[in-house]
Amino acid sequence: MFIDGKWINREDMDVINPYSLEVIKKIPALSREEAKEAIDTAEKYKEVMKNLPITKRYNILMNIAKQIKEKKEELAKILAIDAGKPIKQARVEVERSIGTFKLAAFYVKEHRDEVIPSDDRLIFTRREPVGIVGAITPFNFPLNLSAHKIAPAIATGNVIVHHPSSKAPLVCIELAKIIENALKKYNVPLGVYNLLTGAGEVVGDEIVVNEKVNMISFTGSSKVGELITKKAGFKKIALELGGVNPNIVLKDADLNKAVNALIKGSFIYAGQVCISVGMILVDESIADKFIEMFVNKAKVLNVGNPLDEKTDVGPLISVEHAEWVEKVVEKAIDEGGKLLLGGKRDKALFYPTILEVDRDNILCKTETFAPVIPIIRTNEEEMIDIANSTEYGLHSAIFTNDINKSLKFAENLEFGGVVINDSSLFRQDNMPFGGVKKSGLGREGVKYAMEEMSNIKTIIISK
């Protein structure tokens, strides 16, 4: 952990390689009292960050991006070992994180305040930092989703208290070293960024309830997100949570395009992406053909060691999660689901699994965070109703060549994002991103996160 510019090295908590199941490192786990002391210390730097010149913010962000680029392969290998992410997918995450820090640097200089028309007053606004941002980040994109919280926090002049997932913290430790170097280079006190490792129910909980923390930016499960809304009090909160993301294939869709996109959207990082394909709704008139093509493509995916360049699907984050997924699939079959492919587990590896189900099946209501895909044969009239029937509303997708139908679905789907002719997995780091219902509050995407992490002050001058 890194607190007030000092590294604290203890061996309190094991970090497990999800593929080999070996202990790869032992890291500190803060007590609640230590977390509280760290937040007390961080508070001293609020004025430092608030008054940090725009040019310094820009330079720090660009320097972080530069250092990440220099360590691209090293960071990708850490992601593969620590989070179980196939190496070719890990490289993509590192590249995206470089872009995220550069985006924040761009928006630092592009920010504009507003002048409000008035007959006899000069009225203008300015955005001010909230103070301390508690950034609580997940295991599945530990580098880029940390970037999505840290970069806009720096850009808006906030102090950061960063709590990474205990399941994949190692790349965040390396990121903290990179941030330390950037702060030193531009003579900024190191206490403006703090990395607090440990158990979520201890460290994460203290960040949420501590009155000195002004905002929580959390990515994780809807269950934990709901707890945060109950505990955070009057803090600002931005929650990017889960989903069972429906992907709709209409009868006029380009099937080759749909199948290729849905294979990627279903099985990248073993389905451990909040916007992975959650269920596929396919028009019954083309269902046989679609299912045959989809299953055949999934059959040839390579499952195995994340460090192998040929691996498409690596392990789930833990054996415990894989065992839970196995039970959910068994229940789905008990409820009448027809297993078309997979259903096999080997330790934390879960093989690509496809089932044909009806709309009431457990898989259509449960975020498995796994390479498990339910397919529903249905008709166009029922698709929107089925898609909107979940308690989530993160991303959805539709495949069609009819522009009128695509717009009709886009207007009626109750989701934060609707992707047309690509899978729900699509996300670009400069677009607004987030969900409705139990999928979250607020929006990420650097520009939009900067708005979340600042407060508008209105200044009125009488003539």
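Using N, Cα and C of the backbone, Cβ positions are placed for all residues, glycine too.
Positions annotated as NAD(+) binding site by Swiss-Prot: Gly220, Ser221, Ser222, Lys223, Val224, Gly225. A simple way to gauge crowding: the CB of Val224 (NAD(+) binding site) has 20 other CB atoms within 10 angstroms, across all the protein chains here.
Take the CB of Glu240 (active site) and look out to 10 A: across all protein chains shown you find 27 other CB atoms. Under the heading active site, Swiss-Prot lists Glu240 (among others).
Taken from Swiss-Prot, the feature active site covers Cys274 (among others). The DSSP secondary structure for Cys274 (active site) is coil.
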(message) I'm trying to understand the geometry here, so how far is the Cα atom of Gly220 (NAD(+) binding site) from the Cα atom of Glu240 (active site), in Å to the nearest whole number?
(response) 7
(message) Radius 10 Å, atoms counted are CB only; among the binding-site residues Ser221, Ser222, which position scores highest?
(response) Ser222
(request) For Lys223 (NAD(+) binding site) and Glu240 (active site), determine the Cα separation and express it in whole Å. (result) 12
(request) Compute the mean position of the Cβ atoms of Gly220, Ser221, Ser222, Lys223, Val224, Gly225, which form the recorded NAD(+) site, and then list in sequence order the other residues of that chain whose Cβ is within 8 Å of it. (result) Phe218, Glu226, Leu227, Ile228, Leu239, Leu241, Gly242
(request) Would you mind sorting out which of Ser221, Val224, Gly225 (the binding-site residues) have a C-alpha within 10 A of the one on Glu240 (active site)? (result) Ser221, Gly225
(message) Give me the CA-CA distance between Val224 (NAD(+) binding site) and Cys274 (active site), in Å, as a whole number.
(response) 14
(request) Count the other Cβ atoms sitting within 10 Å of the Cβ of Cys274 (active site), across every protein chain shown. (result) 30
(request) Take the Cβ of Gly220 (NAD(+) binding site) and count every other Cβ within 10 Å, whichever protein chain it belongs to. (result) 22
